[in-house]
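**Q** Take a look at this one; I'll ask things after.
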Amino acid sequence: MLRSLLRPFLNCKPCPQFDAGIAKSNFEILVSFCTSPVMAKSKFEYVRNFETDDTCLRNCYIVVRLDGRNFHKFADQHNFAKPNDDRALGLMTRSARSVMEELEDIVIAYGQSDEYSFVFKRSSNWFKRRASKLMTHVASQFSSSYVFYWRDYFGEQPLLYPPGFDGRVVLYPSNRNLRDYLSWRQADCHINNLYNTVFWSLVLKGGLSTVQAEDRLKGTVAGDKNEILFSEFNINYNNEPLHHRKGTALIWEKIDETTTKQIKVSNEEKEVTVTRSRKRVTAHHCDIIGDQFWNEHPEILEDDNC
């Protein structure tokens, strides 16, 4: 059909009174019209009406949280160290950094164990704020990065099967809500890590079975766990690595990079030092529940009155 519509234009001769470009111009217009999306409609297009509107409410922080799917089995089959495997934690953070570098509207990401939360700024309009688009892009970028960078952290140890991550999208309308969310995740990091540190000390150093260790810790509070670590294993929990106890917060920061260049001055080559400021994703293993972190990085949060 397109060929028959174009035939008159293909066979036309230049008009002697006008420039020969008229025929060419008409040809381009017709081709554009015939191949435009307007002509692509069909009787099946009604199925688009079944799509639901999942646009995130404006003026809210968009948080996408990923969790490893069935990661206890994944960790066992890949021989992760207990209670924390620094290779696995490093790979999680590298994958999260890859997501932030791809989506610059993420102002902060927080991770611990097999989870990471990504916070999009309030004014973000990535993917027109569609929750499904944001979640699937974050999940796919993170998962593919996890596989891509596996050898950087695990060397020749093979990846036996692809890891899976599920995701969810939650909106937080105020700075207080967002800070409370991140505080909740860091408190969860502390609770889980303290338990796991005691549990695996009882198993690996104390000779208990996993069932016996679980029974031993039933009904204990934080003070009891700290006492077991110190009195039985000479471990001061406060001296454990910060990234185990506090998790990892990733933010954008300006970093000065210094390089040397060779330039010619009066036919002589000279070496000069050049300093440039670039935005980089940096990792922080610190308390994010108190005010100090937020006072030091006020650019993360937007004005509540915006």
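Note that Cβ sites are derived from N, Cα and C of the backbone, with glycine treated the same way.
All annotation found in TrEMBL is predicted automatically rather than curated by experts.
Annotations per TrEMBL:
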| type | residues | note |
| --- | --- | --- |
| BINDING | Asp67, Gly68, Arg69, Asn70, Phe71, His72, Ser113, Asp114 | GTP binding site |
| BINDING | Asp67, Asp114 | Mg(2+) 2 binding site |
| BINDING | Asp67, Gly68, Asp114 | Mg(2+) 1 binding site |
| DOMAIN | 44-173 | domain 'tRNAHis guanylyltransferase catalytic' |
| DOMAIN | 176-290 | domain 'Thg1 C-terminal' |
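Quick one: where do these features end up spatially?
**A** Sequence-distant neighbours of His72 (GTP binding site): no residue of the same chain at least 6 apart has a C-beta under 8 Å from its C-beta.
Taking a C-beta cut-off of under 8 angstroms and a sequence separation of 6 or more, Asp114 (GTP binding site) has the following same-chain neighbours: Asp67, Gly68, Phe71, Ala75, Ala88, Met92.
Every protein chain considered, the tally of other Cβ atoms within 10 Å of the Cβ of Asp67 (GTP binding site) stands at 15.
This prediction places the mean pLDDT of the domain 'tRNAHis guanylyltransferase catalytic' (44-173) at 96.
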**Q** Going by DSSP assignments with H, G and I as helix and E and B as strand, what are the residue counts for the domain 'Thg1 C-terminal' (176-290)?
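**A** Counting residues by DSSP class gives 56 helix, 35 strand, 24 coil.
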**Q** Sort out the sequence-distant neighbours of Asn70 (GTP binding site) for me: same chain, 6+ apart, CB within less than 8 Å of its CB, listed by position.
**A** Gly164
**Q** Counting other Cβ atoms within 10 Å of each Cβ, which of the binding-site residues Gly68, Arg69, Ser113 scores lowest?
**A** Arg69
